[in-house]
Amino acid sequence: MSNIRRWYILLVATISLHAVAWAVIALLRNVLGVWGDLSTEGIAFQVAVLVIGMPIFLIHWLWAQRLAAADPEECGAVLRRFFLYANMTALLAPMASNLYNLIQGLVGKLLDPQGRWYGALDYMETSAFQGIMGRLVALLVLGALWFYLRQVAQADAARVQMIGQPLLMQRIYIFIFSAVGLFLTSESMASLLHWLMLQVGTNMFAVGRITLIDPISSLFLGVPLWVTFWQAAQQRFASGQIEEHESVLRKFYLHATIFFSALATIGSASLILNGILQTLLGLNPEGDIRDGLSVMLTGLLIWVYHALVLRNDLAHIREVPQQAGVRRLSWYLVASIGLGASLSGMTGLISVVIRAISRSEFGDPLRAQIAWSLAALIAGLPVWIVIWRRAQGLAEVDGEVGDAERGSVVRRIYLYGFLFFATLTILGSLIYIVYQILRLILGEPAPSGLGISIAHAVAFSLIAGAVLAYHGMILRSEGQRRTAMSSQREATLRVVILDMDDGHFGRAVRERLGHEMPNLNLTPIGLTPVAQAALNAIPDPRGLAAQLSEAGLIIAPWQAALAHAGTLEVAQAIAASPAHKLLIPKSVTGWDWVGANVGYDEDDTLKAVVHAVRQVIHGEPVRPSREISPMNVLGAIAGVVVLFFLLMILISAIVSSFF
């Protein structure tokens, strides 16, 4: 089936399906009196939707089913799988909402028998009967449609093996509702734990029973939802399928959960430490320690559980590059939070010391500031140390793992990001210091508090300088290591360049590679007398096969690997060589490349060859370099403009903080 026809059928089926579903729900609610008195106008509209919408849905859906029955490949089409799981999501989401409202109302009646119905539509539902029937109607209609689509999806999967994008649709569906269930569960656990802490020393159900309605409802909905879908995800991983083990989405789910739970834990720990420190310093802390403690315990529990799951995953499978990228993103985000909190606490403590010395007093504002600063430093520093030691440990490993870690984009953004902000801090501080010195030289009176402001600027510059020196040292060390390893690999790699024409191609490749990578061991071989003369190549008496068997990399036109009259020996020698082969896709009349844009431009080809050779030397997969389109250029210009204004705002904020 063509994609255009598939889009038409499934899009119309989707619209008509949901129109009919909600018309049925509204009609039953109207008839059962959920919304009060019977509305004849409402019934007329709902029946009209059913009369028109139902045939349209049946026509298009039965059409889609006939096409799927006639062609097994249709069952595994990406658009069909997207239709099934997108509609299952669109049905299950309001089902969960209605179930939550039903549980909410029932729990409300249990805890407050004389109170109102605690459903979401309480402004329309005046009795428990109306609330229960309104929710049950939606659950029955939506549940029946969801179950039917689920059966269709399972039947398709039993008929055709799902791989690639069709399988990804199901995986997205599973992790969406697993995440929703986990969020509801964690939120309700934190709220219930907070409520229990508040009841210590009192009659447990004497006060605050109404506040239990929402967390209990979330718990009753969230736990089954999370357990069901997370168990499905775990079973798929345990099945041993390579695609499940190499799933980037699973790693993203785990690392995202760890990141947000770590963020909640660190933030709550900072609040708790601040309260404790303020108490020790003789202050009356704002808020209640139990507010942060319940969140911290819940976040810590989720953090530890998913960290153990992730460790168990890595013990059974080998991390693929895409999964490593997700892991790096999680690590460096957490490290950024930890280091940012540590630097914030450090600058706050230095500010306290400066103000205390200048004012010869240690009042409540300074005590509050030292409590906040110490809390941020104590909460952030251990997190940064633990994560950074892991990342540095991988970056210092020799071989492919260390190369990938040192060369990762996320790591370099992290390092250059802190380098960037440290540089801006030094810039703003030095501008302020020079500005004040020049004002005094020109005879302007010294403003009040000048010494304190200059002391702050100097202190902030020293901290930023330490950050700059440390991260700069790492970048410099990694750059030197990368250069040394590249030179070593270049010197040990023998590159053979084959030329089947007049020698121009081989000479151009030799000159470009020799200029870009002078340590390479280049051996050009002319396969024709003209090419031999042009390349000044001395024939090897051992023969071509012996020469290629000693090569580490072969660069040749693609025709050289094609066995036909006159090149059979060359093709066999290339195939028998253990070297990595780079074939140049030159266009030839009567031969076309499928899926590749082949247009021979010498300069572009030479750039592509250099790019590919660098990737081979660094142990990276050979991928084409991305072309820069006009839209990329416009996007870059817009980004530079936005970045310029952000820099101006940031510099102004740094400078103005001293005035």
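The backbone N, Cα and C atoms fix where each Cβ goes, glycine too.
TrEMBL lists 6-144, 171-300, 328-466 with the feature domain 'DUF5671'. The annotation transmembrane segment is assigned in TrEMBL to 7-28, 43-63, 84-107, 127-149, 172-196, 216-233, 253-273, 293-310, 331-358, 370-388, 450-475, 633-655 (among others).
With DSSP states grouped into helix (H, G, I), strand (E, B) and coil, the domain 'DUF5671' (171-300) comes out at 106 helix, 0 strand, 24 coil.
Among 43-63, 331-358, 370-388, 370-388 has the largest number of CB pairs under 8 A with the transmembrane segment (253-273). Nonlocal intrachain contacts for the transmembrane segment (331-358), taken as residues 6+ away from its ends with a CB within less than 8 angstroms of a stretch CB, comprise 258-259, 262-263, 266, 270, 366, 369-370, 372-385, 387-388, 390-391, 410-411, 413-414, 417-418, 451-452, 455-456, 459-460, 463, 467. The residues of the domain 'DUF5671' (6-144), classed with DSSP into helix (H, G, I), strand (E, B) and coil, number 112 helix, 0 strand, 27 coil. If one looks beyond the transmembrane segment (216-233) by at least 6 residues along the same chain, the residues whose Cβ comes under 8 Å of a Cβ in the stretch are 96, 99-100, 103-104, 107, 171, 174-175, 177-178, 180-189, 191-192, 250, 253. Shown for the domain 'DUF5671' (328-466): DSSP residue counts in helix, strand and coil, namely 121 helix, 0 strand, 18 coil.
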